[in-house]
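Q: If you scroll down you'll find the structure; I have some questions about it.
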């Protein structure tokens, strides 16, 4: 019974170790085995490469170089900026160096070559993300706010104006011609004739 109690913690430790080992990635620094060197172009440096990789806790960096001419120094940020090779945090000279990234945060590596390779660009900063850190989403196209068409008005449309009444013709219907007035002269002559006829008849009766 005692032996079983001793074995259980050991089995748990082995399972945990192999589980984390299975998650670890071996990453070649610079993207290839011969990349730990002075960059050929200032536009393609080791730092440019590191910015394109998302490093995680447990990853393993692999440096391959000529141990007779170069080395890998892990330094502080201040010595990284100044390319100061004195008193590094860690120094590797085996020509096939592996560095496990145990904790999140920045790691600074420079070349230890006596020819001043660090000042020529042979250095790299590796930033390990926290296990709880989520990568920032890439910006997408700007969202366009949809616009709704205008709502049709419920107010009844006003009736169309009536066509204008055509103006009356300026030519008026001619008034009937007035009846010709009887000549006053004719009436007067007729009246006088009757008067004298009566006078003549009266005189004739008197003298009969």
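Every residue gets a Cβ built from N, Cα and C, even glycine.
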Q: Among 162-184, 185-207, indicate the range for which TrEMBL gives the feature transmembrane segment.
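A: Checked against TrEMBL: transmembrane segment maps to 185-207.
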Q: Taking 76-129, 130-183 as the choices, which stretch does TrEMBL tie to region 'Disordered'?
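A: Feature region 'Disordered' in TrEMBL: residues 130-183.
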Q: On average, what pLDDT score does this prediction assign to the domain 'Phytocyanin' (25-130)?
A: 95
Q: Please list, for the domain 'Phytocyanin' (25-130), how many residues fall into helix, strand and coil according to DSSP.
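A: The counts are 18 helix, 36 strand, 52 coil.
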